[in-house]
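K.L.:
There's a structure below that I have some questions on.
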């Protein structure tokens, strides 16, 4: 455990990049259905030690100057084990759906009106909203993009409180402790966390978490 | 002796950069060089002609990177300096990103960036220029260098629009313009702010005559390439920039 | 004596309220948490809390001297271990 907080210098997502086998669907979905501006593109070839096909790399703005980017490799057909999964990873029938759906991108919006607007745009498209749900403190809509990637758009139902940050810090510390102890179960997590709750009951800034960004 | 591949991205009508850069770098005592070009179609040095050329940049980078060069020189100075201030940093950044995304280890220089780099290396503040361009484009180049914090105290525009003709401007015409410049307080002369206007044979005599450092887009390009490769910046008979005193 | 900790946020307050209807359940604040302990099994009916599933399945922050024997859409039941 570090003794002093490390300066927190990162400032959000520059871009998250994914391969696409369907560049036309991807452009229609992100640019034309969702209305995300195209902000950058690169054409290149594989010049490094691992030769690869000519490709185009293109970027959509997802707000905050953050970007989602795609690679399309011309003429490349990846060996895929099945139809389950997405353009990056395919799975056989042994893989449960919850695991496949665990990896996703969630884009933030400011209000219920804005969430409704994106739901409306999706519902008029070939990629309608598949699910709308209220979690603990957020409300989200979900769909799969033309590449099979799970996309979530979400709004906060209320601001996150300091005690929730405190709780998260205790959960993560408890997880680290039980992992180190070789006992990765929910039961062990809750027991270890109860100990940490009692130990840190009095101090208001108990764990050495990195400084928060203002 | 190590051998390096130099990739050149040149306007299609340019002949001088493929003459002067090999002449310069092949006189190096430290390394051998081979030269490989990719061409962007351009004949008329006008804003429209330059815009049409710049959209070919991405294709040219792909072509030249296929040859696994060690350094690529984007060799059209006015194409960048006719743009917004700092355009060479933007263009070099985009090309560097394109190369890196494809896994190329090539380093990128532009003749526009190399000229700024060379003037800074010389410690020049006040400069004077000879350009082949039409006056509106020449004023753009002057403004661009001013935005880089150089004081352009005097300049000449030879007003040749056809880029093929620029490659045939006689040396005595270039020298006559240089002699005509007001050099009071000037730290360095850019004898040819263009990789197409021939000037290499004039650099050393002009420096002797004018008594201050004289550079060209070509000598600055060679300087930038040598620096990029971490080699000594020493080439014989190419002016004080390439005397080995500046690195 | 089974003991559970619940983070004190608005969504969790119905959980504490329903649990404390049982006179045997002692309620005490521990830092930003509410500590519920009882001489008997702690049983909370989800429908009485009115909690959405996402809240319900994340309401439990810590567990001491007890084990979860039921935590489904109907109820949470913690017994002495």
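For all residues, glycine too, the Cβ spot is worked out from N, Cα and C.
Copied straight from TrEMBL:
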type: BINDING; residues: B:14, B:76, B:77, B:78, B:133, B:163, B:195, B:196; note: substrate binding site
type: MOD_RES; residues: B:76; note: S-(2-succinyl)cysteine
type: ACT_SITE; residues: B:76; note: active site, nucleophile
type: ACT_SITE; residues: B:194; note: active site, proton donor
K.L.:
With an 8 Å cut-off on Cβ-Cβ distance and a minimum sequence separation of at least 6, pull the same-chain contacts of residue B:194 (active site, proton donor), or say none.
P.N.:
B:77, B:78, B:131, B:132, B:133, B:166, B:217
K.L.:
What are the non-local neighbours of residue B:14 (substrate binding site), defined as same-chain residues 6+ apart in sequence with CB under 8 A from its CB?
P.N.:
B:39, B:75, B:76, B:163, B:167, B:195, B:196
K.L.:
Which residues, in sequence order, are found in the same chain with Cβ within 8 Å of the centroid defined by the Cβ atoms of B:14, B:76, B:77, B:78, B:133, B:163, B:195, B:196 at the substrate site, excluding those residues themselves?
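P.N.:
Nearby residues not in the site list: B:11, B:45, B:75, B:79, B:111, B:132, B:166, B:194, B:197, B:217.
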K.L.:
If you count other Cβ atoms within 10 Å of each one's Cβ, which of the binding-site residues B:76, B:195 has the most?
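P.N.:
Most Cβ neighbours within 10 Å: B:195.
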K.L.:
Per DSSP, residue B:196 (substrate binding site) is which: helix, strand or coil?
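P.N.:
The three-state answer is coil.
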K.L.:
Which is it, of B:163, B:196: the one of these binding-site residues whose Cβ has the most other Cβ atoms within 10 Å?
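P.N.:
Of B:163, B:196, the one with the most crowded Cβ is B:196.
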K.L.:
Per DSSP, residue B:78 (substrate binding site) is which: helix, strand or coil?
P.N.:
helix
